[in-house]
Amino acid sequence: MVNMSNEKEFILVGLSENQGVQKICFMIFLLFYMIIVVGNLLIVITVFSSQRLNSPMYFFLSYLSFVDICYSSVTAPKMIADFLVENKTISFVGCITQLFGVHFFGCTEIFILTVMAYDRYTAICRPLHYTTLMTRRVCSQMVIGSWVGGFMHSMVQTLLTSCLPFCGPNKIDHYFCDVHPLLHLACTNTYAVGIIVVANSGMIALSCFFILVVSYIVILVSLRSQTSEGRHKALSTCGSHITVVILFFGPCTFTYIRPSSDLSEDKRLAVFYTVITPMLNPLIYTLRNEEMKSAMKKLWSREV
(Lines of atoms letter the chains of each structure in order from A and count residues from 1; the text may use other names and numbers.)
(Lines give C-alpha, C1' and ligand atoms only; values in the text may rest on other atoms or scores of the structure.)
Protein backbone atom coordinates (compact mmCIF):
# COMPACT_ATOMS: atom_id res chain seq x y z
CA MET A 1 0.00 0.00 0.00
CA VAL A 2 1.49 3.32 -1.08
CA ASN A 3 1.40 6.23 1.35
CA MET A 4 0.22 9.27 -0.59
CA SER A 5 0.26 11.52 2.50
CA ASN A 6 2.74 14.10 1.24
CA GLU A 7 0.69 14.78 -1.93
CA LYS A 8 -2.76 14.56 -0.38
CA GLU A 9 -5.31 17.29 0.26
CA PHE A 10 -8.13 16.96 2.75
CA ILE A 11 -11.60 18.49 2.53
CA LEU A 12 -12.99 19.95 5.75
CA VAL A 13 -16.76 19.56 6.04
CA GLY A 14 -16.96 22.37 8.63
CA LEU A 15 -19.71 22.97 11.16
CA SER A 16 -22.49 22.99 8.55
CA GLU A 17 -22.92 22.37 4.83
CA ASN A 18 -25.96 24.67 4.65
CA GLN A 19 -25.02 27.89 2.76
CA GLY A 20 -27.41 30.08 4.76
CA VAL A 21 -26.16 28.72 8.09
CA GLN A 22 -22.55 29.22 6.96
CA LYS A 23 -23.11 32.94 6.31
CA ILE A 24 -24.63 33.40 9.78
CA CYS A 25 -21.78 31.39 11.33
CA PHE A 26 -19.24 33.58 9.50
CA MET A 27 -20.55 36.73 11.22
CA ILE A 28 -20.90 35.06 14.64
CA PHE A 29 -17.48 33.39 14.71
CA LEU A 30 -15.71 36.42 13.25
CA LEU A 31 -17.13 38.44 16.15
CA PHE A 32 -16.11 35.71 18.60
CA TYR A 33 -12.55 35.63 17.26
CA MET A 34 -12.22 39.42 17.45
CA ILE A 35 -13.36 39.28 21.10
CA ILE A 36 -10.82 36.50 21.80
CA VAL A 37 -7.89 38.44 20.35
CA VAL A 38 -8.81 41.88 21.74
CA GLY A 39 -9.94 40.62 25.17
CA ASN A 40 -6.96 38.36 25.84
CA LEU A 41 -4.48 40.85 24.38
CA LEU A 42 -5.90 43.50 26.71
CA ILE A 43 -5.26 41.22 29.70
CA VAL A 44 -1.65 40.56 28.61
CA ILE A 45 -0.97 44.30 28.11
CA THR A 46 -2.67 45.25 31.39
CA VAL A 47 -0.72 42.70 33.46
CA PHE A 48 2.66 43.60 31.97
CA SER A 49 2.08 47.37 32.19
CA SER A 50 0.61 47.48 35.70
CA GLN A 51 2.88 47.51 38.76
CA ARG A 52 0.02 46.41 41.02
CA LEU A 53 -0.68 43.18 39.12
CA ASN A 54 2.64 41.55 39.98
CA SER A 55 1.38 38.51 41.91
CA PRO A 56 1.81 34.96 40.54
CA MET A 57 -1.94 34.75 39.83
CA TYR A 58 -1.71 37.56 37.23
CA PHE A 59 1.61 36.24 35.92
CA PHE A 60 -0.10 32.92 35.09
CA LEU A 61 -3.23 34.69 33.82
CA SER A 62 -1.20 36.69 31.28
CA TYR A 63 0.30 33.48 29.89
CA LEU A 64 -3.12 31.81 29.85
CA SER A 65 -4.45 34.71 27.78
CA PHE A 66 -1.48 34.49 25.40
CA VAL A 67 -2.03 30.74 24.96
CA ASP A 68 -5.75 31.37 24.35
CA ILE A 69 -4.93 33.74 21.47
CA CYS A 70 -2.54 31.19 19.93
CA TYR A 71 -4.89 28.26 20.52
CA SER A 72 -7.87 29.91 18.81
CA SER A 73 -5.70 31.27 16.01
CA VAL A 74 -4.76 27.72 14.99
CA THR A 75 -8.39 26.83 14.15
CA ALA A 76 -10.66 29.90 14.06
CA PRO A 77 -9.24 31.87 11.06
CA LYS A 78 -9.36 28.79 8.80
CA MET A 79 -12.88 27.94 9.98
CA ILE A 80 -14.10 31.53 9.44
CA ALA A 81 -12.55 31.73 5.95
CA ASP A 82 -14.09 28.36 5.01
CA PHE A 83 -17.59 29.69 5.72
CA LEU A 84 -17.21 31.86 2.60
CA VAL A 85 -15.78 29.29 0.19
CA GLU A 86 -17.27 26.19 -1.36
CA ASN A 87 -14.04 24.21 -1.64
CA LYS A 88 -12.76 23.83 1.95
CA THR A 89 -9.44 22.12 1.29
CA ILE A 90 -6.32 21.88 3.41
CA SER A 91 -2.99 20.33 2.40
CA PHE A 92 -1.50 17.38 4.27
CA VAL A 93 1.30 19.59 5.62
CA GLY A 94 -1.23 22.27 6.66
CA CYS A 95 -3.39 19.62 8.30
CA ILE A 96 -0.54 18.11 10.32
CA THR A 97 0.66 21.63 11.29
CA GLN A 98 -2.85 22.44 12.52
CA LEU A 99 -2.98 19.15 14.44
CA PHE A 100 0.35 19.97 16.11
CA GLY A 101 -0.79 23.51 17.03
CA VAL A 102 -4.12 22.38 18.47
CA HIS A 103 -2.52 19.83 20.78
CA PHE A 104 0.50 21.99 21.64
CA PHE A 105 -1.49 25.02 22.78
CA GLY A 106 -4.40 22.96 24.11
CA CYS A 107 -2.18 20.82 26.34
CA THR A 108 -0.17 23.88 27.43
CA GLU A 109 -3.45 25.52 28.49
CA ILE A 110 -4.39 22.43 30.51
CA PHE A 111 -1.07 22.56 32.39
CA ILE A 112 -1.30 26.33 33.00
CA LEU A 113 -4.84 25.94 34.40
CA THR A 114 -3.49 23.21 36.72
CA VAL A 115 -0.60 25.45 37.81
CA MET A 116 -3.09 28.27 38.51
CA ALA A 117 -5.06 25.91 40.75
CA TYR A 118 -1.88 25.10 42.69
CA ASP A 119 -1.22 28.83 43.04
CA ARG A 120 -4.69 29.38 44.52
CA TYR A 121 -4.26 26.38 46.84
CA THR A 122 -0.93 27.74 48.12
CA ALA A 123 -2.29 31.28 48.56
CA ILE A 124 -5.39 30.17 50.50
CA CYS A 125 -4.25 27.06 52.38
CA ARG A 126 -0.62 28.01 53.07
CA PRO A 127 -0.62 31.83 53.16
CA LEU A 128 2.40 32.12 55.49
CA HIS A 129 4.60 30.17 53.07
CA TYR A 130 3.13 31.63 49.88
CA THR A 131 5.87 34.16 49.11
CA THR A 132 8.65 31.60 49.65
CA LEU A 133 6.90 28.84 47.68
CA MET A 134 5.70 30.94 44.73
CA THR A 135 8.76 32.99 43.82
CA ARG A 136 9.11 34.50 40.35
CA ARG A 137 11.70 31.84 39.51
CA VAL A 138 9.36 29.01 40.53
CA CYS A 139 6.50 30.57 38.56
CA SER A 140 8.71 30.89 35.47
CA GLN A 141 9.78 27.25 35.80
CA MET A 142 6.12 26.19 36.04
CA VAL A 143 5.25 28.11 32.87
CA ILE A 144 8.27 26.68 31.02
CA GLY A 145 7.27 23.21 32.23
CA SER A 146 3.77 23.76 30.84
CA TRP A 147 5.16 24.72 27.42
CA VAL A 148 7.57 21.75 27.39
CA GLY A 149 4.80 19.34 28.47
CA GLY A 150 2.51 20.67 25.74
CA PHE A 151 5.26 20.29 23.14
CA MET A 152 6.07 16.69 24.14
CA HIS A 153 2.39 15.70 24.11
CA SER A 154 1.84 17.32 20.72
CA MET A 155 4.90 15.65 19.19
CA VAL A 156 3.57 12.22 20.18
CA GLN A 157 0.15 12.93 18.64
CA THR A 158 1.61 14.46 15.48
CA LEU A 159 4.21 11.75 14.81
CA LEU A 160 1.71 8.93 15.34
CA THR A 161 -0.82 10.51 12.98
CA SER A 162 1.56 11.74 10.25
CA CYS A 163 3.05 8.25 9.84
CA LEU A 164 -0.33 6.72 8.95
CA PRO A 165 -1.09 5.96 5.28
CA PHE A 166 -3.86 8.12 3.76
CA CYS A 167 -4.78 6.74 0.37
CA GLY A 168 -8.57 6.57 0.42
CA PRO A 169 -11.33 9.08 1.33
CA ASN A 170 -10.15 12.60 2.11
CA LYS A 171 -13.29 14.19 3.57
CA ILE A 172 -12.86 15.23 7.24
CA ASP A 173 -16.12 15.64 9.15
CA HIS A 174 -14.72 18.47 11.27
CA TYR A 175 -13.72 22.14 10.99
CA PHE A 176 -10.05 21.47 11.81
CA CYS A 177 -7.60 18.58 11.60
CA ASP A 178 -7.62 16.48 14.74
CA VAL A 179 -6.51 12.97 15.62
CA HIS A 180 -9.90 11.21 15.67
CA PRO A 181 -11.11 12.48 12.25
CA LEU A 182 -7.75 11.56 10.67
CA LEU A 183 -7.81 8.07 12.19
CA HIS A 184 -11.16 7.53 10.45
CA LEU A 185 -9.52 8.27 7.08
CA ALA A 186 -6.35 6.19 7.46
CA CYS A 187 -6.32 3.13 5.19
CA THR A 188 -4.90 0.79 7.83
CA ASN A 189 -5.92 -0.64 11.19
CA THR A 190 -5.75 2.29 13.64
CA TYR A 191 -6.90 0.45 16.78
CA ALA A 192 -3.48 0.54 18.48
CA VAL A 193 -2.89 4.20 17.54
CA GLY A 194 -6.39 5.06 18.79
CA ILE A 195 -5.63 3.46 22.17
CA ILE A 196 -2.37 5.43 22.45
CA VAL A 197 -4.19 8.66 21.53
CA VAL A 198 -6.84 8.06 24.20
CA ALA A 199 -4.17 7.12 26.76
CA ASN A 200 -2.17 10.26 25.91
CA SER A 201 -4.77 13.02 25.38
CA GLY A 202 -7.55 11.54 27.48
CA MET A 203 -5.45 10.71 30.54
CA ILE A 204 -3.72 14.10 30.56
CA ALA A 205 -7.09 15.88 30.50
CA LEU A 206 -8.68 13.51 33.04
CA SER A 207 -5.75 13.45 35.49
CA CYS A 208 -5.36 17.25 35.43
CA PHE A 209 -9.11 17.65 35.89
CA PHE A 210 -8.97 15.27 38.87
CA ILE A 211 -6.09 17.27 40.40
CA LEU A 212 -8.07 20.49 39.91
CA VAL A 213 -11.22 19.07 41.52
CA VAL A 214 -9.29 17.74 44.53
CA SER A 215 -7.42 21.05 44.98
CA TYR A 216 -10.65 23.05 44.97
CA ILE A 217 -12.33 20.67 47.41
CA VAL A 218 -9.38 21.22 49.77
CA ILE A 219 -9.62 24.99 49.23
CA LEU A 220 -13.37 25.09 49.91
CA VAL A 221 -12.95 23.02 53.08
CA SER A 222 -10.15 25.32 54.33
CA LEU A 223 -12.30 28.44 53.75
CA ARG A 224 -14.56 27.50 56.66
CA SER A 225 -11.90 28.66 59.12
CA GLN A 226 -11.43 32.08 57.47
CA THR A 227 -13.23 35.38 58.03
CA SER A 228 -16.23 36.25 55.87
CA GLU A 229 -14.17 38.92 54.04
CA GLY A 230 -11.33 36.50 53.32
CA ARG A 231 -13.84 33.83 52.28
CA HIS A 232 -15.54 36.21 49.85
CA LYS A 233 -12.23 37.29 48.26
CA ALA A 234 -11.01 33.70 47.90
CA LEU A 235 -14.31 32.53 46.41
CA SER A 236 -14.23 35.42 43.95
CA THR A 237 -10.87 34.41 42.45
CA CYS A 238 -11.51 30.66 42.72
CA GLY A 239 -15.01 30.99 41.26
CA SER A 240 -13.59 32.46 38.06
CA HIS A 241 -11.06 29.68 37.75
CA ILE A 242 -13.60 26.93 38.45
CA THR A 243 -15.92 28.33 35.74
CA VAL A 244 -13.11 28.28 33.16
CA VAL A 245 -12.04 24.77 34.19
CA ILE A 246 -15.57 23.35 33.79
CA LEU A 247 -16.11 25.03 30.39
CA PHE A 248 -12.74 23.85 29.08
CA PHE A 249 -12.23 20.43 30.66
CA GLY A 250 -15.80 19.15 30.35
CA PRO A 251 -16.00 18.97 26.52
CA CYS A 252 -12.25 18.37 26.13
CA THR A 253 -12.17 15.35 28.48
CA PHE A 254 -15.35 13.88 26.96
CA THR A 255 -13.87 14.14 23.44
CA TYR A 256 -10.46 12.59 24.13
CA ILE A 257 -11.16 10.06 26.90
CA ARG A 258 -13.00 7.71 24.53
CA PRO A 259 -12.47 6.28 21.04
CA SER A 260 -14.52 8.61 18.84
CA SER A 261 -17.46 7.23 16.87
CA ASP A 262 -19.59 10.36 16.32
CA LEU A 263 -17.45 13.05 14.69
CA SER A 264 -20.37 15.47 14.26
CA GLU A 265 -20.78 15.44 18.05
CA ASP A 266 -17.04 15.92 18.55
CA LYS A 267 -16.87 19.03 16.36
CA ARG A 268 -19.77 20.67 18.22
CA LEU A 269 -18.03 20.00 21.53
CA ALA A 270 -14.73 21.29 20.10
CA VAL A 271 -16.31 24.74 19.63
CA PHE A 272 -16.42 25.06 23.42
CA TYR A 273 -12.71 24.50 24.09
CA THR A 274 -11.33 26.13 20.93
CA VAL A 275 -13.59 29.22 20.71
CA ILE A 276 -16.09 29.70 23.55
CA THR A 277 -13.73 29.26 26.53
CA PRO A 278 -10.93 31.49 25.11
CA MET A 279 -13.60 34.12 24.40
CA LEU A 280 -15.13 33.95 27.89
CA ASN A 281 -11.81 33.87 29.79
CA PRO A 282 -11.24 37.67 29.62
CA LEU A 283 -14.84 38.35 30.70
CA ILE A 284 -14.76 35.80 33.53
CA TYR A 285 -11.41 36.94 34.92
CA THR A 286 -12.09 40.70 34.62
CA LEU A 287 -15.74 41.05 35.59
CA ARG A 288 -15.20 39.19 38.88
CA ASN A 289 -11.86 40.84 39.67
CA GLU A 290 -11.79 44.39 41.02
CA GLU A 291 -7.98 44.70 40.78
CA MET A 292 -8.02 43.78 37.10
CA LYS A 293 -10.90 46.16 36.33
CA SER A 294 -9.16 48.98 38.19
CA ALA A 295 -5.86 48.35 36.38
CA MET A 296 -7.64 48.32 33.00
CA LYS A 297 -9.39 51.61 33.75
CA LYS A 298 -6.06 53.23 34.74
CA LEU A 299 -4.37 51.88 31.60
CA TRP A 300 -7.22 53.12 29.40
CA SER A 301 -7.30 56.58 30.99
CA ARG A 302 -3.50 56.85 30.72
CA GLU A 303 -3.58 55.92 27.02
CA VAL A 304 -6.44 58.33 26.31
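The first residue you see is number 1, and the count goes up from there.
Glycine is treated like the rest: Cβ placed from N, Cα and C.
Feature annotation from TrEMBL assigns transmembrane segment to 20-45 (among others). The list of residues near the transmembrane segment (20-45) in space but at least 6 beyond its ends in sequence, with Cβ under 8 angstroms from a Cβ of it, reads 14, 61-62, 65-66, 68-69, 72-73, 76-77, 79-80, 83-84, 275-276, 278-279, 281-283, 285-286, 292, 296, 299.
Confidence over the domain 'G-protein coupled receptors family 1 profile' (39-285), given as mean pLDDT on the 0 to 100 scale, stands at 86. Annotation source TrEMBL lists domain 'G-protein coupled receptors family 1 profile' at 39-285.
The feature transmembrane segment is assigned by TrEMBL to 57-76 (among others).
Annotation comment: TrEMBL describes 96-118 (among others) as transmembrane segment. Only residues 6 or more beyond the boundaries of the transmembrane segment (96-118), in the same chain, are considered here, and those with a CB under 8 A from a CB of the stretch are 57, 60-61, 63-64, 67-68, 70-71, 74-75, 78, 90, 142-143, 145-147, 149-151, 153-155, 157-158, 161-162, 176-179, 182, 201, 204-205, 208, 211-212, 215-216, 241, 244-245, 248-249, 252, 273-274.
Annotation source TrEMBL lists transmembrane segment at 138-156 (among others).
The transmembrane segment annotation in TrEMBL covers 191-223 (among others).
Summarising the annotation, TrEMBL assigns transmembrane segment to 235-257 (among others). Beyond its flanks by at least six residues, the transmembrane segment (235-257) meets 57, 106, 109-110, 113, 116-117, 120, 124, 180, 197-198, 201-203, 205-206, 208-209, 212, 216, 219-220, 223, 266, 269-270, 272-273, 276-277, 280-281, 284-285, 288-289 of its own chain at Cβ-Cβ distances under 8 Å.
Residues or ranges marked as transmembrane segment in TrEMBL: 269-287 (among others).
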>> Contact between the transmembrane segment (191-223) and the transmembrane segment (57-76) is defined here as three or more C-beta pairs under 8 Å separated by at least 6 residues; is that satisfied?
In response: no
> So what's near the transmembrane segment (269-287) in sequence-distant terms, Cβ-Cβ under 8 Å and 6+ beyond its ends?
Replying inline: 15, 29, 32-33, 35-36, 39-40, 42-43, 61, 64-65, 68-69, 71-72, 75-76, 102, 106, 174-176, 178, 240, 243-244, 247-248, 250-252, 254-255, 293, 296
